[in-house]
Each structure stands twice: as structure tokens, then as C-alpha cells.
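Data block below; observations after.
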Amino acid sequence: MSDTGSGSESSGSGSNDGTPGSTVQNAINNRVQREYREEIVKDMAIEQMKQKMHDVVNRLGRDVENKLDIAVDDLFAEVKQFNLKNYELKQLFNEKPTSGTGREGHKKSTLSNGQLPDKVFMARNSLLTDLFEVKHIKTIYHIFIVILIILFLNTVVHDFVDTGSINLGFRPIIAGFGKFHIALMLWCCMQTSTLLLYPCFRLWASVRGSFMPGSTLRTLWDTSALLLFVSYQCGFIIASIKAHLWFDLPPASGVAYLMEMTRFLMKAHAFIRSNVPRALATDGKKHADSKPTSADTYRGLPSFSKYVYFLFAPTLVYRDEYPRTKQIRWRVVARHALEVVGVVFYISFILERFLAPLFEKFGHAKISSGTFVLSLFGSIMPGSLSFLCAFYSLLHAWMNGAAELLRFADRMFYRDWWNESTFAGYIRSWNVVVHDWLYTYVYKDCVEHVFRNCRPLATVAVFTVSSVFHELILAFTFRFFYPVMFVQFEFLGLLLMVVTKRLGKDVGNVLLWLMLSIGNGLHLSLYNMEYYARRNCPDIGESIMDYMVPVSWSCNGISHNPNWTITAPWSLP
């Protein structure tokens, strides 16, 4: 038994000894295991690579699909706008439109209850955007740019040869846009105040639902809310103007700030006026179709995101939804931004080179009547050029750039006002954005609720509101009350509407352009004369009468020249 045990031990020890056969076998086993592990790693890497390739292909597929969707949508949008563009061209050729909407985007047919039509938003380009697609019109645009460049170079070379220095006309920009950071800070305060209007409106709508319909408490609550909103609007104007005067904002910064103040007022009124009837219609009950679509939606009222979008959208008429484009074309945004900057510099150049030399001496000494007449007619051409540049910068470049950033598709910010033959047509076509607000919230409400279908009185109300706010902006921008703009809008505007109503198209268009040119020249002349007279005349009081009485009439004003003589042309040497 001892021999057997020793034999088994010897056989067990022999299997683990270091013989060549066992070493080779172990090496083979180790190599097989290592290769197996490597194969597993390779398979895992291949599977991971396949997964990544699959993800890349899916991502590329989604991108291609999205781009195809955008391309197809753009194609269908172009097809849908084909008739609209034909309508625009027909308007230019004095043909009757075939579209179902009127010239300002309002439905032609009135409602069954006799109410005026509402504003209709649709995807469309600005008129100049479509016209610039025609190479002949584009060439005229290029020629106009070349003329401006040549005029700029001519004055620069003249200054260099005559005085040895170069005046680029940047002083109005530097002086006009001073304290711009303060104006931006005040703008943020106005924006915050307007944003806070939304929770106040929601609070009113929710609390009134807890009162019984027709109860005294509900009537008192609604009346109090109306009075508070009117007080807010008045306080907003007073606080904004006081801040403007307190920080003494320069003209350019001040006019931009006061225009934004007016825009916020119009936006707030549009939102409240459009949504109060919706809140009143609920009577504290949820409609079957008014189930909230978002956390901000309450009882059919718009969400906060819609309100914020409306505050920035290039329109003054409130809607829950607007037609939107699929993407932002950043090259278009950059081009319009460059156009805005270029126009600002060019208007500054016009002020520095053509208008300031005519009026900068007013107030130093008496100005003869002949000098005043020469200054008046000398400002007609610069005034008309500034008018056209301001139109292109504000209503085309700025508005289209903002619309592109917000993907706002309805870009009819103006119409072909240059082809109009009546002053009424010009007023409707010149600034469609403001006209839509005046039509929707002043004219339409006056016709339907205030004056009961008396349209002449509604027209007078529209002109009064427009002239008051125009004069408000100018009066506090330049720190004096000189109601030239008010007279032009309130009296001459209404008179021209009657005078040009029955004129022929050609005669009316010529007269309209003549009135615009003379009006812009007169406007610039009188405001520049008063502005420089107040800068140059000493000891101007601070009373209300000193603010309202023109200084240019009393401080070294215009003296009549009694020695004027008229010589016949054939008598000249």
C-alpha cells in the first residue's frame, strides 16, 4: 500500500514538472486565451464602431431630411406667394388686385354685423425685397449707392484741398448718440415695466372669476382695473419723460428712447385691448376648447411666451400666432445691419455738410429775410434725401433685420407709397406698421363703439393721436415746443386729404412729391433754426412760456430786407 501511494504521488508530481511537453502546452493555452481575448476586444470595437456609424448615418439622415423639409416648404411658400407678387406688380401698373385682401392686409368683406375688417397676417416679403430681385431695379439701387459715394468723396476732397483737413461728418453721431448707455439702461427699465403688465393682467382675469357674473364686486373690480391701467399708461409716460430730462439725453439717443417709449405704450394697449374681451367672455368658466396648452395658458388667455414674442415682434397688432419662417438667414441680418449703420453715417454727413452751415449762425445776429429764404430752399434737397434714407433705414433695413431674427414672415412694413396720388393713400402706405395700430385700435374702435359709424370723426381722432405723439417726441427731444409737426399732421394733412382726393394719378403724384419735398424742407428749416437759436441766444428762461415761445422769433430773429429789386432776365449783362 505504501508503494501504491508513492506511485500515485510520483505520477501527480510528474504532470506538473517542467518537461518540454507541458511548457509548450501551457504556452499554446496562454496564446489561445490571449487571442480569444483580443478577438473579443476587436468584436466589441467593431460593434461600437458600427453603432457610431449608425448614429452618424441617422444624424446625417435627419439633417438631410430637415433641409429637404425646409427646401420644400420654401418652394411651396414661393408658389403660394406667386399670386401675391403678381398682385404687387399689378398695383405698380395700376391694375385692380385679384387678391382676397385689401391693400393693407385687411379682409375686403365686412362682417355680418357691420364691423370693420381685421388685420390679416400672411407670409410675404417687403416690396423692395421683391423689386430688388429684378436686375434693373437692383442696378438703380447700385447707382444710388455710387452717387452717395461720389458725393461723399467730392466733399472730402473739397475740404482737403480748401482747408487741408478732412471732415467726415461724424460730429453729429458723437454728439447725438452721447449717453447711449444711459438710454439703454432706461430702456431696460421700460421693458421690465411692460413685462410686469402680464402677471397683473393674469391676476385681474383670475380674481374676477371668483365673483358672481353681474355682481357689484365684479363691476367694481373691472372698473378699478381699467383705472389702474390708464394710470399706469399715464405714469409710464410721465416717468419716462422725467428720466429723459433728468439724464439730459442728447438728441439721437433721446429720440430713440422716446420712440421706444411710444412703442411700449402701443404694445401694452394692443395686448390689453385684444385680450380683455377674451377674459370677459369666459365669465369665470372654462370653455371646453380652452384647455391649457402650456403651463402659462389660463382660461384661454395667451401664454407669457406669446406676450414676450409680441413685445419684440415687428408689429403693433396683437395675435396669438403669426406666420413664421423656418430658419434665420444670418447673411440677410448682417446685410441689413450694415445698411442701417451706413444710413446713420450718411445722415450724419448730410447734417454736418449741408444743414448745419445754413443754420448754425441763427441767434448770433439778425438774419435777413433773404438769407432765411435761401436757407429754406437750400434745405429742401438735403431734407428729401434724409427723408428717403430714414425711410429705407427704419422701415426696410431695420424692420426686415428684426423680422429675420424673429422669423417673422409678414414683412409688409410699407407699400408703394411713392406711387400714390392722394395724401390718404400715402398715409396708409408710408408706415403700415403704425397705420395698422391706428386702424385697429383707434379708427376701428371709434367707428364701432365711440362715434357709431361716423368715419370722418374717426379719421380726425387718428390724425390727432398721431400728431400728438409725433410732437411729444420732438418737443422733449429738442427741449422746446414748436408745433410744426402737429400743424402738418392735424391741419395740412386733413386739408391735403380733401385736396388730392379728386386729382388725376399723374397730377396727384407730382403734387404729393412736391408737398413732401417742401414739407420736409420747411420742417428741417424751422426746427434747425429754433435749435441753433436756443443754443446761441443767452439768458433763455426756464419757465413754461420760455419753453413754448419760439426763441428764433425774438432773439436776433428775421429782419425784412426792404431793398429787394427784381431785374428782368433780358436786362442782365
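In case you wondered, yes, glycine gets a Cβ from its N, Cα and C as well.
For reference, TrEMBL has these:
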{"type": "COMPBIAS", "residues": "1-19", "note": "compositional bias 'Low complexity'"}
{"type": "REGION", "residues": "1-31", "note": "region 'Disordered'"}
{"type": "COMPBIAS", "residues": "20-31", "note": "compositional bias 'Polar residues'"}
{"type": "TRANSMEM", "residues": "140-161", "note": "transmembrane segment"}
{"type": "TRANSMEM", "residues": "182-205", "note": "transmembrane segment"}
{"type": "TRANSMEM", "residues": "225-247", "note": "transmembrane segment"}
{"type": "TRANSMEM", "residues": "332-351", "note": "transmembrane segment"}
{"type": "TRANSMEM", "residues": "371-395", "note": "transmembrane segment"}
{"type": "ACT_SITE", "residues": "H470", "note": "active site"}
{"type": "TRANSMEM", "residues": "480-499", "note": "transmembrane segment"}
{"type": "TRANSMEM", "residues": "511-529", "note": "transmembrane segment"}
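Tertiary proximity for the transmembrane segment (140-161) is limited to same-chain residues at least six positions away from its ends with a CB under 8 Å from its CB atoms, namely 132, 167-168, 346, 349, 353.
Take the transmembrane segment (182-205) and the stretches 225-247, 332-351, 371-395, 480-499: counting Cβ pairs under 8 Å, 225-247 has the most. When each of 225-247, 332-351, 480-499, 511-529 is checked for Cβ pairs under 8 Å to the transmembrane segment (371-395), 511-529 comes out on top. Below 8 angstroms of C-beta separation, residues 422-424, 427, 459-460, 463-464, 466-468, 470-471, 474, 515, 519, 522-523, 526-527, 530-531, 534, 547-548, 550-551 of the same chain, each at least six residues beyond the ends of the transmembrane segment (480-499), sit close to that stretch.
Residues 179, 182, 186, 189-190, 193, 197, 204, 208, 254, 257-258, 261, 264-265, 268-269, 272, 476 of the same chain sit 6 or more residues outside the transmembrane segment (225-247) yet have a Cβ under 8 Å from a Cβ within it. Summarised by DSSP class, the composition of the compositional bias 'Polar residues' (20-31) is 12 helix, 0 strand, 0 coil.
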